[in-house]
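Novice: Shown below is the structure under consideration.
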Amino acid sequence: MKVASLLSLALPGAALAATDPFQSRCNEFQNKIDIANVTVRSVAYVAAGQNISQAEVASVCKASVQASVDLCRVTMNISTSDRSHLWAEAWLPRNYTGRFVSTGNGGLAGCVQETDLNFAANFGFATVGTNGGHDGDTAKYFLNNSEVLADFAYRSVHEGTVVGKQLTQLFYDEGYNYSYYLGCSTGGRQGYQQVQRFPDDYDGVIAGSAAMNFINLISWGAFLWKATGLADDPDFISANLWSVIHQEIVRQCDLVDGALDGIIEDPDFCAPVIERLICDGTTNGTSCITGAQAAKVNRALSDFYGPDGTVYYPRLNYGGEADSASLYFTGSMYSRTEEWYKYVVYNDTNWNSSQWTLESAKLALEQNPFNIQAFDPNITAFRDRGGKLLSYHGTQDPIISSTDSKLYYRRVANALNAAPSELDEFYRFFQISGMGHCGDGTGASYIGQGYGTYTSKAPQVNLLRTMVDWVENGKAPEYMPGNKLNANGSIEYMRKHCRYPKHNIHTGPGNYTDPNSWTCV
């Protein structure tokens with residue numbers, strides 16, 4: 001008795017595990033895992049509020065994450081060839097609801113999106129994520145290694161999903177009833193890849209701000225650099241001037257939707273005249289631009305054409321130009337663009353941005369390694385198996401043009417010969433006015449797409465819940481509710497974002513903060 005008492009004092013965690021079936025199951029789980037091509041690195045019980053250990057995470061991916069719920073965390077390597085592997089994590093929550101979800105990546109991948117894992121686990125999803133096959137937001141690992149490139153192009157999410165589902169079935173006696181996907185940016189592209197190439201992987205796919213026209217998006221970065229020039233050019237446009245240009249564009253376009261709220265609801269209905277900003281001799285160069293600079297702005301805000309005259313990529317969103325300045329208008333080629341051409345297109349570390357031409361863009365598109373372009377409109381297999389695709393894109397996105405998401409929607413409509421009402425049965429796309437890249441922005445951009453965009457003050461604004469309602473209950477979203485939050489986290493106002501091809505018009509009688517004063521037309 002005395003010995004037992006001493007042991008209970010010395011080993012409180014062990015005693016707790018002995019009385020906690022969930023923790024015991026987690027502690028014993030590693031012995032049950034025997035999956036082909038999987039090497040388990042760790043299995044650990046993590047209590048709600050506990051910091052997630054970053055000991056085995058690549059240094060460039062380390063982030064501060066606290067578990068939202070009690071969970072069992074599995075870290076592992078998944079071999080995809082004799083020259084490539086994925087770092088992956090599975091988070092298996094105590095409050096499991098019988099649902100599985102896979103998460104995607106961002107940028108040039110390289111990191112497990114642990115915030116997305118945490119978000120999904122919070123709502124009872126068994127969740128998995130990979131690093132896309134390499135460490136960090138860089139293309140250098142693609143040099144002379146096509147297998148690593150294949151992981152990034154299409155393989156990582158699918159392989160992670162296969163393993164994640166197996167782990168879910170091993171850990172929970174009931175297995176899983178439904179499977180989902182959640183991703184944005186590169187994660188959006190990966191979501192579309194899954195729909196197009198692996199239609200049976202998920203019952204519901206959430207794909208936001210998708211980089212699906214990936215190759216041409218990469219080349220667009222070079223086009224924008226060429227359009228705006230080097231930093232030492234006499235007509236170079238500084239970040240401060242881009243802010244002035246942005247303010248003028250918003251001034252000209254804000255009221256097109258009927259409300260003076262500082263937000264351009266749909267950039268397609270905006271046609272700003274940049275020449276209004278040309279200095280007239282009585283203004284200084286800090287609040288106006290030269291004619292040569294106006295010409296540069298017009299080039300930068302125009303469609304990007306390939307050498308054969310076809311549109312490779314649509315123009316930048318009006319309203320996003322100020323935030324684009326720090327990425328595309330710096331006087332240097334966008335880093336991800338330069339890396340892609342150096343390590344993939346030319347596979348030559350000596351290649352530099354000065355060598356880029358329109359023929360380079362043509363070559364990149366012709367290569368399309370492992371069909372990384374997720375632009376195939378034939379998604380009939382996903383439709384026919386009952387899958388649901390929910391897509392969103394911020395109209396203020398400074399990195400990926402939201403027009404590209406519209407173009408893909410139209411491509412699907414044409415390929416399937418389907419009217420919007422028919423596409424609505426399985427594919428719904430929402431433009432989110434005032435949203436930047438995957439979030440933030442000046443509008444009601446908090447739609448519950450992940451941590452930092454969900455608030456318990458409005459629990460109904462939750463993309464995962466919306467998708468579950470559609471897949472499991474047949475309740476398709478007619479609009480996408482979004483919140484504009486104040487600095488203290490309180491809700492300033494809510495807006496009902498329209499389902500494409502409709503767009504929002506302010507019709508009153510309330511002001512722009514009243515969600516019922518807007519009409520989708």
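Placement of Cβ uses the backbone N, Cα and C atoms for every residue, glycine included.
The shown structure was predicted, so the numbers you read here are calculated from the model rather than taken from an experiment.
Summarising the annotation, Swiss-Prot assigns signal peptide to 1-17 and lists experimental evidence as the type of evidence. Under the heading disulfide bond, Swiss-Prot lists CYS26-CYS72, CYS61-CYS111, CYS184-CYS438, CYS253-CYS270, CYS279-CYS288, CYS498-CYS520, citing similarity to another entry as support. Per Swiss-Prot, N-linked glycosylation site is recorded for ASN37, ASN51, ASN77, ASN95, ASN144, ASN177, ASN284, ASN347, ASN352, ASN378, ASN488, ASN511, and the stated evidence type is sequence analysis. Taken from Swiss-Prot, the feature Ca(2+) binding site covers ASP254, ASP257, ALA259, ASP261, ILE263. Positions annotated as active site, charge relay system by Swiss-Prot: ASP397, HIS437.
Each of these features: where is it, how hidden is it, and who are its neighbours?
Specialist: The DSSP secondary structure for CYS72 (disulfide bond) is strand.
With a 10 A radius on its CB, ASN37 (N-linked glycosylation site) counts 15 other CB atoms from all the protein chains.
For ASN51 (N-linked glycosylation site), other Cβ atoms within 10 Å of its Cβ number 10.
When secondary structure is read from DSSP and collapsed to three states, CYS111 (disulfide bond) falls in the coil class. Listed in sequence order, ALA58, VAL60, CYS61, ASN105, ASN131, GLY132, ASP135, GLY136, ASP137 are the same-chain residues six or more apart from CYS111 (disulfide bond) with CB atoms under 8 A from its CB.
Its Cβ placed at the centre, ASN77 (N-linked glycosylation site) has 15 other Cβ atoms within 10 Å.
In the three-state DSSP scheme, ASN95 (N-linked glycosylation site) is classed as coil.
Reduced to three states, the DSSP call for ASN144 (N-linked glycosylation site) is coil. Around ASN144 (N-linked glycosylation site), the same-chain residues six or more apart in sequence whose CB sits under 8 Å from its CB are ASN347, listed in sequence order.
Around ASN177 (N-linked glycosylation site), the C-beta neighbours below 8 angstroms that are at least 6 residues distant in the chain are GLY98, ARG99. For the recorded site, ASN177 (N-linked glycosylation site), the DSSP three-state label reads coil.
Cβ neighbour count for CYS184 (disulfide bond): 31 (other Cβ atoms within 10 Å of its Cβ, all protein chains included).
For CYS270 (disulfide bond), the number of other Cβ atoms no farther than 10 Å from its own Cβ, over all displayed protein chains, is 19. A coil conformation is recorded for CYS270 (disulfide bond) in the three-state DSSP classification, outside any helix or strand.
Taking a C-beta cut-off of under 8 Å and a sequence gap of six or more, ASP254 (Ca(2+) binding site) has these contacts in its own chain: LEU260, ASP261, GLY262, ILE263, ILE264.
According to DSSP, CYS279 (disulfide bond) sits in a coil region rather than a helix or strand. Sequence-distant neighbours of CYS279 (disulfide bond) (same chain, 6+ apart, CB under 8 A from its CB) are GLY285, CYS288, ILE289, THR290.
Within 10 Å of the C-beta of ASN352 (N-linked glycosylation site) we count 12 further C-beta atoms, all protein chains included.
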Novice: About how far apart, in whole Å, are the alpha carbons (Cα) of CYS438 (disulfide bond) and ASP397 (active site, charge relay system)?
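Specialist: Cα-Cα distance, CYS438 (disulfide bond) to ASP397 (active site, charge relay system): 8 Å.
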Novice: I'd like the number of other C-beta atoms within 10 A of the C-beta of ASP397 (active site, charge relay system), please.
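Specialist: Its Cβ shell of radius 10 Å holds 29 other Cβ atoms.
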Novice: Quick one: give me the count of other CB atoms within 10 A of the CB of CYS438 (disulfide bond).
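Specialist: The Cβ of CYS438 (disulfide bond) has 25 Cβ neighbours within 10 Å.
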Novice: Mind checking which of CYS26, CYS253, CYS498 has the fewest other CB atoms within 10 A of its CB? They're the disulfide-bonded residues.
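Specialist: Result for the disulfide-bonded residues CYS26, CYS253, CYS498: minimum number of other Cβ atoms within 10 Å at CYS253.
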Novice: Need this for a regression test: recorded positions ASN51, CYS72, ASN77, ALA259, ASN352, CYS520, filtered to those with Cα within 10 Å of ASP397 (active site, charge relay system). What's left?
Specialist: none
